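Q: From TrEMBL, for reference:
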- A:6-25: transmembrane segment (TRANSMEM)
- A:30-48: transmembrane segment (TRANSMEM)
- A:54-75: transmembrane segment (TRANSMEM)
- A:87-108: transmembrane segment (TRANSMEM)
- A:114-132: transmembrane segment (TRANSMEM)
- A:162-179: transmembrane segment (TRANSMEM)
- A:213-238: transmembrane segment (TRANSMEM)
- A:250-272: transmembrane segment (TRANSMEM)
- A:292-315: transmembrane segment (TRANSMEM)
Amino acid sequence: MIKTLQKSTWVYLFTGLMLVLLPFFKDERWFLFLMIQIFVFGIFAMSYDLLLGYTGIVSFGHAMFFGVGAYSVAITLDRFEPSFMSLLLGIVIAMAVGGLIAFIAGILTLRLKSHYYAMLTLALANLFLVLAEKWRSLTKGNDGFTFQIPELPGGLEDHRNMVIYLFCLVSMVVIFFGLKRLTESPLGKILVAIRENEQRVVSLGYKIMPYKVIISVISGVVASFAGVLYAISIRFVDTSVFAIDMTLDALLMTIIGGVGTLVGPIIGAGIIEFAHHYLSELSDVHWIFERWIILFGILYILVVIFFPSGIVGTINHKLATRKQRKKEDEQSDKLAS
Amino acid sequence: MDLFINLAINGIATGMLIFLIACGLTLIFGLMDVLNFAHGGIFAWGAFVGVWGYSVTQNFLISIVLAVIAGLLIGLITEYLIIRPVYGNHIQQILITLGFMLVLSEFIKVVFGPNILAAQKPPFLQDYWLVGDVTIIKYRAFTIVVGFIIFVAIMAVLKYTKIGLIVRAGVMDKEMIQALGVNIRLVFIGVFMVGSALAALGGALFAPSSGVAYAEMGMEFGIFAFIVVIIGGMGSVPGSLIAALLVGLSNVFMAYYVPSLAMAVTMILMFLVLIFRPEGLFKVSGVSNK
């Protein structure tokens, strides 16, 4: 069993273990919080990459899944007593609603050109934003609301941030390996084939629609779960979870980190979150840092044009060509001798 | 009755403004197979340049002209820098134009400041006419007239001029047009610039009627324009007019009677079209949606 694990899996497990130990050395609140954000957005960006990188579907409304997840768990915990049962209920509701929305959006537009899914999700996300602003009795509008999360048993309550940190980390690692398994399964191979050449997949006898709908539902469910973690980690929810900025963040993380890989989005999430943190401190130095969206936007455009496969993709590509070259060298050496 | 007519005029005026954005979007899509998510950003730029121009020159006509020039320039820059490197790759086009949209709307905040600008109507369009017991706000009538003139002009150009012939043929079959010795690249740039200018014109007309210009309006109206293009049929100019009027009217009426459902009704319209007629109300031959 252990022998069959890939070398990369060991690297991932080792990194995960390091991250588990990290808060025992550096447990300032802001740092833990930043790391939690990275895990949450790492999950969110991975779910995004399932669509963009693996299947070639562009969604501009991914924030709606995130927001639905955040609001579902927040409202459940707010309405019922903050116990683990209502937390579980909230998570189940979040994932069910997220999956349902993804299903509806999918069957409506995935048979059409990629533009349609992008436009429909953008419009739907906007609808949810308006809904969250207007339905004040449920969402408390623009102000948002705070809520209690279940109390932890015994001495763990004093280390609540640490527990949330570990919970988010474990969730991310589990989802990472789950999705890795998914993308390496026959289903994942068909998705990549659809991305590369739809016509050919059709002529091989596959129906494309079910696969696309399945992956959009999975992606929606995972994104809702990221929203749940986000709400739990800050114990507050407002309409900003539905904003286009959320989708943009996922997009940036995926594109910069590397589309079509699962590590890429996590690395992207790390870079973007740290950049957010340090750039907002720099705003005293120069006003341009207050408008950091411009910097990110320009960076993003440049990456789309010049490095369409992102950091991880570019590194992988370099490694592959080097290996190839080495092989060729060896072969030519053999031929020469 | 008074109320009904007023709402109807308001709806048609809003529809005309949406049409100005949507017709550029639909033409660009039909001809170049590019969906420009940055189109709404140009609308917002038109609004800001218009408001700024009016506050500087106090001349409405000049402010409109300035906005249109800004639209032409931004269109040129967008086509040259953003669209050209990614021709033929749909996913990259969608991604890059959304990125440019955000850069455009953030740049508005850099140039004009982060605050909402107040926009004034020119004096000769400020009040209203009384027809019987119906009040007609002059500015809305003006918007409708301008929108209608633009529609007729576009249709006339497409139908009766050589350039229009080339554009219509290009929508149907790009390769054939190229084979006949037409420089399709120039046509692309031209259509892109005109489409952007129309969006900027829409923005410049919109700001005085709503009284404000804000950077996020690009995204808001961009979404309306996408919905209109889906409903009307991608690539069809008359389709986008009909759909824009439909969206404008339903939006205004719902906003008056059931305000919380105003956005929902537009979405329901789009859902119905996507379920029963995914190619839109007016299908254009040569433009495929699959």
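Backbone N, Cα and C define each Cβ position, glycine as well.
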Q: Taking residues 6+ outside the transmembrane segment (A:87-108), which of them lie with a CB under 8 Å of any CB in it?
A: 61, 64-65, 68-70, 72-77, 80, 117, 120-121, 124, 149-150, 209, 212-213, 216-217, 219-221, 223-225, 227-228, 232
Q: Can you tell me which parts of the same chain pack against the transmembrane segment (A:292-315), counting only residues 6+ beyond its ends and a CB-CB cutoff under 8 A?
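A: The answer is 245, 251-252, 254-261, 263-264, 267-268, 272, 275-276, 279-280.
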Q: Using a Cβ cut-off under 8 Å, which residues of the same chain at least 6 positions beyond either end of the transmembrane segment (A:30-48) come close to it?
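A: Non-local partners: 19, 22-23, 59, 62, 65-66, 161-162, 164-165, 168-169, 171-172, 175-176, 179, 218-220, 222-223, 225-227, 229-230, 233, 246, 249-251, 253-254, 257, 262, 265-266, 268-270, 272-274, 277.
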Q: Can you tell me which recorded stretch out of A:6-25, A:162-179, A:213-238 has the most Cβ pairs within less than 8 Å of the transmembrane segment (A:250-272)?
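A: The stretch I would name here is A:162-179.
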Q: Do any residues, 6 or more residues outside the transmembrane segment (A:6-25), come within under 8 Å Cβ-to-Cβ of it, and if so which ones?
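A: Same-chain contacts beyond the flanks: 32, 35, 162, 165-166, 169, 173, 176-177, 263.
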Q: Who are the chain neighbours of the transmembrane segment (A:213-238) in space, where the CB to CB distance is under 8 Å and they lie at least 6 residues beyond its ends?
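A: Same-chain contacts beyond the flanks: 33, 36-37, 39-41, 43-44, 46-48, 50-51, 54-55, 57, 59, 62, 65-74, 87, 90-91, 94-95, 97-99, 101-103, 105-107, 110, 142-149, 164, 167-168, 171, 175, 179, 182, 187, 191.
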